[in-house]
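As recorded in TrEMBL, the features of this protein are as follows:
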DOMAIN    6-304  domain 'Malonyl-CoA:ACP transacylase (MAT)'
ACT_SITE  SER90  active site
ACT_SITE  HIS203  active site
Amino acid sequence: MKTCYLFPGQGAQFPGMAKDLFESSQTVKDLFTAASDATGKDLRALLFDSSEEVLKVTENTQIAVTLANISAAAYLSERGITADATAGFSVGEYAALYEAGVLGLKDLFKAVVLRGEAMEKGSRASDTPEGPAGMSAVIGLPFEEAAPIVESLADQGVYVANHSSPIQIVLAGKAGGLTAAEKALEDAGAMKVVRLKVSGPFHSPLLQNAREEFEAAIADIPFADPKKPIFSNVTGQSITSGEEARKLAGLQIVSTVRWVDSMQNILDGGYQRVLEVGPGTVLTGLWKSFYRKQRALPAGTKDSIEALLEA
């Protein structure tokens, strides 16, 4: 059965994530040790003992979600399930790069740490007296209707950051721009608008300085050619080489996440089993809104993985 892993990104985090995997697997314990050594942080304490507020800080979130993602993949592998292809939402793409052999473990966490630092620094440059820059999910309005409204407000510093599903987009922007766009989209018929648990205007031109800083910082990190398909956030297409992966890593910081395009290409690729490998069920929900004839299944906890084996 052809299997594609979907790795979640920022916003999926919660205190205690991956603890059940850690307690059940020596391989996962070893990953925590190696990742803690690579980052110089006590990641067991970060994932298991931190508050939501601490986990929300970009530098912490990106490391924590990446470790939770690859821990779930490691537990799946122990139980005999492996990926034929991968995709990751935002920072989740780094777990996909690791799963596909593009980045080794130390380089994975080096890149994620550098990315988090650059994005946190870049995000604070977009804070205003009205409040911090951030992101909002907008649900219930087709992309074709929502996108032009957001584009008309670009001079207020707000952009489409994610095309998450046929009826969901995510905005990124300065506080005032977000408020204006939220109101305009609600007036246009959006069913729901939710501010997200992230601390910056990710995947928008507001982070151009972060992109440039990150690209310079990863210049010495080797990116190998992928051993299996990785569906890119930036293009929606499969990444073909290590150098393309490096280029897209920088572009991803300032580009719309084309998740609908990625899901369509996964579907067209004939992957019969689609698993959300990491904390939460955000991506299984997005898949359901995209294509109801084939379910995506959660695989981020011990219980959900064991349930796959029993099915």
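Yeah, the Cβs are placed from backbone N, Cα and C, and that goes for glycine too.
In TrEMBL, annotation is done automatically, which means it is predicted and not curated.
Confidence over the domain 'Malonyl-CoA:ACP transacylase (MAT)' (6-304), given as mean pLDDT on the 0 to 100 scale, stands at 97. If you measure from the Cα atom of HIS203 (active site) to that of SER90 (active site), you get 8 Å. Sequence-distant neighbours of SER90 (active site): residues of the same chain at least 6 apart with a C-beta under 8 Å from its C-beta are GLY9, GLN10, ASN162, PHE202, HIS203, ASN233, GLN252, VAL257.
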